[in-house]
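Over in TrEMBL, the protein carries these features:
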COMPBIAS  1723-1732  compositional bias 'Basic residues'
COMPBIAS  1733-1760  compositional bias 'Polar residues'
COMPBIAS  1768-1782  compositional bias 'Polar residues'
COMPBIAS  1833-1855  compositional bias 'Polar residues'
COMPBIAS  1892-1908  compositional bias 'Polar residues'
DOMAIN    8-102  domain 'Ig-like'
DOMAIN    110-212  domain 'Ig-like'
DOMAIN    221-301  domain 'Ig-like'
DOMAIN    309-394  domain 'Ig-like'
DOMAIN    403-496  domain 'Ig-like'
DOMAIN    501-581  domain 'Ig-like'
DOMAIN    884-981  domain 'Fibronectin type-III'
DOMAIN    986-1085  domain 'Fibronectin type-III'
DOMAIN    1090-1186  domain 'Fibronectin type-III'
DOMAIN    1190-1284  domain 'Fibronectin type-III'
DOMAIN    1286-1378  domain 'Ig-like'
DOMAIN    1479-1575  domain 'Fibronectin type-III'
REGION    1707-1797  region 'Disordered'
REGION    1833-1858  region 'Disordered'
REGION    1887-1908  region 'Disordered'
TRANSMEM  1589-1609  transmembrane segment
Amino acid sequence: MMCCMFAPAVHSEDVGSTRLYFVNASLQRVTYSSSVGVSLPCPAGGTPSAILRWYLATGDDIYDVPHIRHVHANGTLQLYPFSPSAYNSYIHDNDYFCTAENQAGKIRSPNIRIKAVFREPYTVRVADQRSMRGNVAVFKCLIPAAVQEYVSVVSWERDTVSIVPGNRFSLTSFGALYISDVQKEDALSTYRCITKHKYSGETRQSNGARLSVMDPNESAPTILDSFQAGEVYAGHSIELPCIAGGYPSPTVRWLKDGRPLPSDARWTRRLTGLTISDLRQEDSGSYACEVTNSFGSKEVSGQLHVIDPLRVTLSPKNLKTGISSTLFFTCTVEGSPEYTITWYRNTEPIVPDEHISIQGQHNDTLQITAAQKLHSGAYQCFASRKGHTAQDFSIILLEDGTPRIVSSFSERVVNPGEPFSLMCAAKGAPPPSITWTLDDEPVVRDSTYKTSQYTLSDGLTVSHVNVSSPLIPDGGVYRCVARNSAGSAEYQARINVRGPPRIRPMRDITAVAGRNTYITCRVIGYPYYSIKWLKDGMQLPDNHRQVVFENGTLRLTDVQKGADEGTYLCSVLIQPQVSINQTVHVTVKVPPLIQPFDIPSTSVGKLMYIACVVSSGDMPIRITWHKDGQLIVPGSASGVAIETKEFMSSLQISNVTLKHNGNYTCIASNAAATVSWERQLIVTVPPRFVVQPNNQDCIYGKAGVLNCSVEGYPPPKVMWKHAKGVGNPQQYHPVPLTGRIQIMSNGSLLIRHVLEDDRGYYLCQASNGVGSDISKSMILTVKIPAMITSHPNTTMARKGQIKELNCTARGEQPIIIRWERGDTVIDAERNPRYSISINKKGDEVISTLKLNPAERGDSVFFSCHAINSYGEGRGLIQLTVQEPPDPPELEVREVKDRSMNLRWIQRFDGNSIITSYDIEYKNKSDTWDHMYTTRNISPTNNQANIVELHPACVYSIRMYSYNKIGRSLPSKELTISTEEAPPDGPPMDVILQPMTSQSIRVTWRAPKKELQNGVIRGYQIGYRENGPGSNGQYSIVEMKATGDSEVYTLDNLKKFAQYGVVVQAFNRAGTGPSSTEINATTLEDVPSEPPQNVRAISVTSDEAVITWAEPPRLTLHGVLKGYRVVFWSLFPDGEWGEMQNITTTREQVELRGLEKFTNYSVQVLAYTQAGDGVRSNVLYIQTREDLPGPPAGIKAVPSSSSSVVVSWLPPLKPNGIIRKYTIYCSSPGSGQPAPSEYEANPEMLFYRITHLTRGKQYLIWAAAVTTAGRGNISAKVTVEPAGKVPAKILSFGGTVTTPWMKEVRLPCSSVGEPTPTIKWTKDSEDSAIPVTADSQRQILSNGTLVLRLVKAEDSGYYTCTATNTLGFDTIIVNLVVQVPPDQPRLTVSTTSTSSITLAWIPGDNGGSSIRGFVLQYSVDNTEEWRDVFISSSERSFRLDNLRCGTWYKVKLAAKNSVGSGRISEIIEAKTHGREPVFNKDQPLLTHINSTHAGLNLQGWTSGGCPITDLMLDFRPKGTWAWQSLKANSTNQLFLSELREATWYELKMKACNSAGCGNQTSQFATTDYDGSTIPPIKSARGEGDDVKKLFSIGSPVILVTLGVALLFIIRKKRKEKRLKRLRDAKSLAEMLISKNNRSIDTPVKGPPQGPRLHIDIPRVQLLIEDKEEDKAAVPVTDTEFSQSVNPQNFCTGVSLHHQALIQNSGPLIDMSDIRPGTNPVSRKSIKSAHSSRNRYSSQWTLSRPSQSQSTASARTLTSDWRTMGSHGITATESDSYSASLSQDTDKGRNSMVSTESASSTYEELARAYEHAKLEEHLQHAKFTITECFISDSSSDQMTTGTNDPADSMTSLSTPSEPGICRFTASPPKPQDYDRGKNVAVPIPHRANKSKYQRTLTMPKSSSSALGRLQKQSVGAYSKSYTLV
């Protein structure tokens, strides 16, 4: 019902284009997933665009939280996904609302609950169920409470097949599964529910539940599923489940409010319960379901509340009115009751005040009195009920209702008869009406004036005046006046009609004092000149309150009676000096003014006097009184008396009552105006009781009202208090108001459901702030009807025992208790088995029924009944007499590898629910003491799976059932056997070890034995690259099992890439689980490409800039650590400067401090942790020219009495091309200001200065000149010309370097008078040897020494001496002859299946920088050498892409500016891998029949190299022809078309790159019927005697052949050894080439090869082979020349000498040994194969004769491969020379490479050289410091020297198996007397070999002992000691 009252009038309309609206006002809850987030547009909006804001329900503004919450510009609230750790309940679980605001107002949405739901792990479960055949089975999906709100059941499955509702299967709306008419086969299936999360979308599948189907058993009904109380919205449907089991099947009856259901098509009874569709409010009520059969009944009930959604309508909808209006809003709510209404204006709660009041029973009416502008806006009415809210709103626009002129006409001039039209438009609230006047006279519609008026839809009122034929009187001031209830507005303008002017007569004017007044001079006709106003002869205006407008209107502001009252004259000038005049009289009236007053509050019965006084105004003044807008009539009826005098009036109330409350208004009026003054009178009344509370009785469980009604003003507030107890009240507490207890509108207390705790004292207290509070107490007594408070619902008894049933009742006394058995009352007197006793305890009565004894027939329902005056109660007790169950009948349904499925039937449960089952099983061979038990199997199951059995085992099984009484007897024992199964466990201890940059070694152990489930046949290794761009797929390789521990190397992997590896074991049943993926990264490698775009720019003469770009990423093979710029200078003589490098992380480097005007070679490389990468191509750059340095030397010698000769050396640093030399000559004290300058060509290095003065000293100096300018001057020398000149040499000494085999000129120019003679000598060790001319040497006339085809021995110091009679002069020239570099020492560092890494130590560089190395390699059995060129800075190299398992030969040579040096010794190395081998644990043949045989090719192991060929030959035994077959598969091969019952011979060969492996076998095909044939037996015949004779003679023949063979072997060995000794000269040549370069003494006699002389007086070597009792055998000179070769031996050497005094030359320079090869730093790198080091070492000791004839040589051979039985003794010799020979033997078992042997003897020779340099040296040491043994499992062996601080040099070799590091040390003084007890290193091996060899001196000698101990194969140590 819309109600709207207006005062003044109100216009209801659409507020126009400005409006607000709701997009989705019903949105009140939003739940979202935390992993997804939510975007929530604002439910409100507006036109034009409204400002949208979000708030919390508390009113707090929403602020942005980065990445958590954000409000977009369009008003959308964004909550982002977040992790659980970022959860904030203030943000993610709170009430929000949104507002929309524009010019129309501001509205808010209902509160919106926004809640985030986490993704929580949860599982759903279905419990096993039991049901009798023919009943209904109910399965429920059990969802955890934490997620129950968000998870719903979407489907059910039966044995993995979705259940389609129909037939016997039903799915309820709440997710339950009903199976009707249950059958036995239903127990064979499993049932699962499928759920889905509403917000995350996740689905879950429950466990599989079983249904136990029982045969029908007579029983009372049991409720399987029921309903509870709930609320449902009208229009929806609801299911009320009521499912019961029992036998016979129970019947179902439905009741509503205690009555049978009415007939209604909306109510449908189904098997599953009651369905009500299209719910209505009248469907609310109490529903009950009764199920009954012949054995009992059950009932379930619940309250159903059908509620209508709330709908709110607010009227009027949109309203636009003026200020001071009175507005009424009505909020109409439809839907369920018990709602609350809340009012809002512009989203703020409305608080009643003097203008606003909220009225109505539900606060559904809002009244606004005297509305003000601030009351404009949006008004909303919210109705709420239990979390549901509905709302409606209205837009109110309160304007200043006074009309305003919005469009009008303007002044104009018209001619008589010319029609014109005037328009005036006005707006106001309500829309105004418009009237017209002409010169203050109304315009009357007639034939002259046509008027019209209309109002547009937007409230605009438009009015027109049309004049069709105007005359002069129609001219004048036209005024339009717009009026409405709020006021008026006017507009005027003059219309001039041409004609003679005149003035209309003007009416007198009455003005109101204090207001403004306008006086218009009514001039008609046109034109006229001006209008003037005069008063009392004075032209106006004459003060600030007067204004005369151009149109002739006079305005008087704030009119005053004395000043402005009078006659005014209007004077119009119509012609010059011609005026017309008219007067008007103004009378001023003064309005009344009421003096303000207030009305104090009062109370009933008091007196009240109110005076209203008018303080000013024209008389007469009329005063009246109004109350609440109505005129007050004095008299007894109103109880008010009014007394009025001339200017005052009083209102008198003699007895104030409540009816006098209200607003009183005093109104005063006179001829000028009417004014009023209003105030409110408030009459207060203290509260009083209308109905007082009285003591009251209430019945427990019923409703009760405690009466208490009060009145007063303001209306009193009633509060109830309660004090417990029935005695004196102790303390009152406020009664909590809940749904059960409420205060009624009249103040009474309503208790909907009385409880016992409600008894006690109640106090009704009322107050309204007037007077004292009033209160009244009462006592509430609660009467308790008889009720059973305690009894067992069900109870158990054991058969034969006494059973007592107790029943406790309470209530008002007296109480009678009666027992019934079923429907029969128990009479204890007649049945002695029963006895009944009563016991009172306080207000309770306890009755006990005793059964003695309990029998099986007592398993029925017993009931106890309690009765008193207020009601009756009943307790129902179900008694069950129990006993242990019978054993279940067990059967085996299915047996698998690890499990078996059992099924059983439980016949009799002993009248007790089966609580559990136990299944016991054991190995058949064990006793039951070692059994396994599966306990506490759910009683709802009738089958079980026994899992975790071991495959292929025999088990015995039995079973027990349990109830509360006890355990049954065991079931019948069953015996079963399990099948085989794949392995259960993964391989253990999987370890990844990166071996190289392209290989990873995988090691693991077999799965645990108990998890293998059979024989492990092999393994699958899966590996994949874990990195960007990888496909994530595993590559699989398979290998056969070899034992408990396995190893496999993955090759050909990517460099520096991470790989994940898993390993799986497999047996015949299948593959087991894989191991956990383990990651490993292949080792870093060096970059394979150089930096790109290398550029070099010469900046200055000593600075250059090198830039480059990073190599391609894929070629880095590691983490780029930086760049290294390698550069060296190239000198004009072809020599290289020192190689330098700069390391940087940038891609640019500045090279500073370079040599000026010098060529440089530059290379750039990138490096990783693994080392330096490939260098870029050599880039050449030349620094710029600069000023040259000073000449390196200068000489000035007199050549005559007037001349001197100046010679000089070129600058050490020419810094450019020398263009000339400038020689300066000055004479101190000569007075010359500047020295004389002489220029010389750059080719000339001397100059003769003439015209000098004899006897005068001169200063001479020189400077070089380049294009950059003159350089620094040389040193100044002093010279004095003389007539006689002693010999002087102009040439300079110094060092001259030249390549060998070249001609060298050593200048020695001299001057002197007389002419000097020249003599050349060469320095020897202790003397100077004159240089004589021969074919290779010549001294020219100018003194120059010419050496042709120089060699290394030509190096040395040459002295030139110039001599005359007056003196001599000398210079020394050091000649250095450059030769090709010495051979490098090459060793193998590491090997893999496809690569060999080599390392080397360069030899002597021959006096010239090494330019590079040439590496040559070939396969062992070929001579096709391949060359690899390597940079000079490299000391290792890896040969890649080699064949697996293949021997390679490698050699290396160095190059310098002279040429290529000697090639190193050829070494051999083998890549990893070996030939295929057939696994002996694998069967060769898989199956055989009469014509076919299957071969198992998987038995072949690859040996690390892929198998390339598989070939086999087979033939029937006893035949010659072989049949050949080549296999393409590596798994299995079939031989077909074989003969029946025949024995066959079989040969198989598998080949790879490492070689071939063979396997032979024999097999026999079966007979046609599948039977096997016997083995072949040889037949006895005539040849038996011959065989017998042969068997007797064979041993004799074998012994004879053995003796002969032994003799031949010994002879061959001796010949071989002597051959090695003869070939041992190469070592001496190598060593001597390094040491004899400085020997200048010419060699006399026939030319001999270079030798290293080691003078060791009285040396005797004893070489012993200690093996059992073999004697030492000396070797004579004759034996050296014979072809007999003594047995090889392993030895240590001790050398003794008395004194070493000869210095044989400098020690070999070892400064260029590559760092980083110390075995300590490389201890972890060991060779994978130590089976082959091809060469052994031989040393030759040669003794020259006294006549320098050819020395006989004896060779000591060190062969580390085999151990002999003989020793060798070297006789005395004065001098020995040592040389190394190479062995061509192809033996493959040497444990020491040639490199290690040669290193040993080179170090020995170098130690001797050093010893000869020490004059007082008595002792020298040579000691092993570190050794590596070949066995990879052994550790590094380390022994220290006695004096490590004195270590002279340390040579290292890479860690080849069996290689030692040696240290040569000079002795200390205290070591001179030390002769024995030299420390011998002990290898790290526990077991000693029987071979132990020691080389010692005879006992008479004072030499120390050197020992060699070899304790096992692959381990050795050596100690060399010089004593």
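Note: Cβ is positioned from N, Cα and C throughout, glycine not excepted.
Where the annotation comes from TrEMBL, it is an automatic prediction and has not been curated.
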Mean predicted confidence [pLDDT] for the domain 'Ig-like' (221-301): 87
Feature contact check the domain 'Fibronectin type-III' (986-1085) with the domain 'Ig-like' (309-394), CB under 8 Å, 3 or more pairs: no
Stretch among 8-102, 221-301, 884-981 sharing the most Cβ pairs under 8 Å with the domain 'Ig-like' (110-212): 8-102
Feature contact check the domain 'Fibronectin type-III' (1479-1575) with the domain 'Fibronectin type-III' (986-1085), CB under 8 Å, 3 or more pairs: yes
DSSP helix/strand/coil residue counts for the domain 'Fibronectin type-III' (1479-1575): 3 helix, 47 strand, 47 coil
Helix, strand and coil totals (DSSP H, G, I; E, B; other) for the domain 'Ig-like' (110-212): 8 helix, 49 strand, 46 coil
Secondary structure content, the domain 'Ig-like' (309-394) (per DSSP, counts of residues): 3 helix, 50 strand, 33 coil
